[in-house]
Every structure is written in structure tokens, then in C-alpha cells.
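Annotation comment: TrEMBL describes Ser88 as active site, acyl-ester intermediate. Annotation comment: TrEMBL describes Lys91 as active site, proton acceptor. The feature active site is assigned by TrEMBL to Ser143. Annotated substrate binding site per TrEMBL: Lys251, in sequence order. The compositional bias 'Polar residues' feature in TrEMBL is assigned to 33-43. According to TrEMBL, the domain 'Peptidase S11 D-alanyl-D-alanine carboxypeptidase A N-terminal' annotation covers 53-282. According to TrEMBL, the feature region 'Disordered' maps to 31-55. The annotation signal peptide is assigned in TrEMBL to 1-29.
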Amino acid sequence: MKLRTIGVCAMVGVAVLFLAHLAPLEAGAAKGSQPSAHASLTKSRPLDYQGVRPKPPRVNLHSAIVVNYDNGKVLYAKNADLVHPIASISKLVAAMVILDKGIDLNARTTISKEDAYQSSASHLRPGWEMTLSDLMYTALMISDNRATRALARAVSGNYEDFVKEMNLKAEQLGLQNTVFYDPTGLDSRNVSTAHELAIILNQAYKYDLIAHITSLKEYSVTFKQKKRLRTLRMSNTNRMLASPYRVLAGKTGYIEASSYCLVTLLQNAAGERVTLVVLGASGGRARFREARKLADWAFKQIG
């Protein structure tokens, strides 16, 4: 993936690199709060929509689920318990593992050549020095794989031990169909189900920092490059931020094996909240169109 540099501005010893509207790099900061208990969402069952008005929309997805966040009721489900690659949605669990450690996110680390994986695109370069906080923003907002691997290495010493901690986290959440082989989601063996991803997102939302980062439209992080400070401006990959609903948390994902995926927690003007998971959409924009259709329908059911 080729990066587009919009411009470079000098500022009193600080060079600012403007990268507006960064392209998603899906599997392609302040300490978060610890959740008090894991989600109570029960195993999804076949739903009977007879008598439901309006009928649920037709969606072109491998699987999906929509849940009333406030009472755990499943409003819509399609193949919700079928296993599917989850791509960069894996980064939500990676973020929880990092925050569970209670480490100082103001600590700094340097991007290494080993942080590159499978020649995946990245907005970061080896030698750049960044805080763990800024790496969290970069991993969750623009799905940067190199940022995620740098975090894993910095907090656990190596990638393998970090992945073990991710799988332990899945076990602690009671997830039976969620498995991780790498921190980023580039490995197609990172799998879950729509149902279990709803649980993961609901849990991730309870971490203040994850909720904050994933609900931002734009953000800037700083890094050191050859003793010069630079700034990287980022736009969130979750285009539901442009919808009429408030995004409380979320994460996008894409690799060839998963197609286009999204998990997002939305709130309407009345304060009602739904957890929405769409897996296997036909295109990047299509996942947001399908998610919007399901969200519009779901809020009508709640209201």
C-alpha cells in the first residue's frame, strides 16, 4: 500500500508530517479501566421474526448479530455461531491484554524490523520511537499492524507469549470458538463467531481507553525520527462515525480470508444502545451499508 503524504511543515524544531485520511491498514493512551464482569450475552438461538414489523433487512453477509446492549437480548442473528476469520478485530483483545497489565503507557519503544509481518502495509517505520499510548491509538484507530506488534513485543517480551495471553483472555471471557495465532489478525487462523465478537466488544467497551480511542474520528500521535519530533495525523477506519448514531466503541477488520468485517457499539438519540457485528461483507463500503441497515432496523425494534 502506498502512503500519500499531504505535506510537511516545519515548526520550531518540530517537523510535522500530515497524513490526512489514512487508508485502512486492517490486518492489512491514559490507563483503561478494568471491567467488573464479563458480558452476560447467552448463546444465540434461531430467531422467529414472524409478527416482527418491519421485517429485518436482507443483508449480504457471512454472519451477523445485533444485540440490545442494555439487556443482552439478541435482536437479529445470521449464522451467529459459525466460525469466521476476524482479521484486525483481533486488536481489541490485544488492547485488553495490554491494559490488564497496568503498565505505564508513557513508556517509549522503538519500532523494529521484526515488528513488520508478512510485508503488511504500515504507516510506521523501523527506528521511529513512540510512546505505548500513541501506539495504542495507531493500532486501534487505523489498524496499524506494526504498531500492534511493537506493543506486543514491548509489554510481553516477544510475540509468542503475547498471543498466549490473548488466548488466555478469551478463555477468561468464556469464549469457546475464539482462537488467536498472532496479535494483529493477519493470520487467518485468528477466528471467532459473530456471537462471541459481540461479547468481546461489550467487554472492550468497559475499558475507558479502548472506548475513547475507537470512538474518535481523528487523532494525532507523535514520534521521534532521527532526533526530530514528527506528528502523524490519523482518521478512524470505522465509517459508522459518519452515521447519525454515536459510536461508543468499535473495530474494523479485513484480510482476504475474512472479507470485510466490523464490530461496533452504537447509541441513538434516545440513549438506546446496540452491539452490532457484521462479518464477510463484499466490500469496504458494503460492510457499513449493511451495518447501517441493521442498526436502523434494530433501533426501531427497541423503540
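All positions are counted from 1 along the displayed chain.
Cβ coordinates are placed from backbone N, Cα and C, and glycine is handled just like the others.
Because TrEMBL annotations are produced automatically, they should be read as predictions rather than curated entries.
Rounded to a whole value, the Cα-Cα separation of Ser88 (active site, acyl-ester intermediate) and Ser143 (active site) is 7 Å. A straight line from the CA of Ser143 (active site) to the CA of Lys91 (active site, proton acceptor) spans 8 Å. Cα to Cα, Lys91 (active site, proton acceptor) and Lys251 (substrate binding site) are separated by 8 Å. For the recorded positions listed here (Lys91, Lys251), the lowest count of other CB atoms within 10 A around the CB belongs to Lys91.
With all protein chains in the displayed structure included, the most crowded Cβ environment within 10 Å among the active-site residues Ser88, Ser143 is that of Ser88. According to DSSP, Lys251 (substrate binding site) is assigned to a strand segment.
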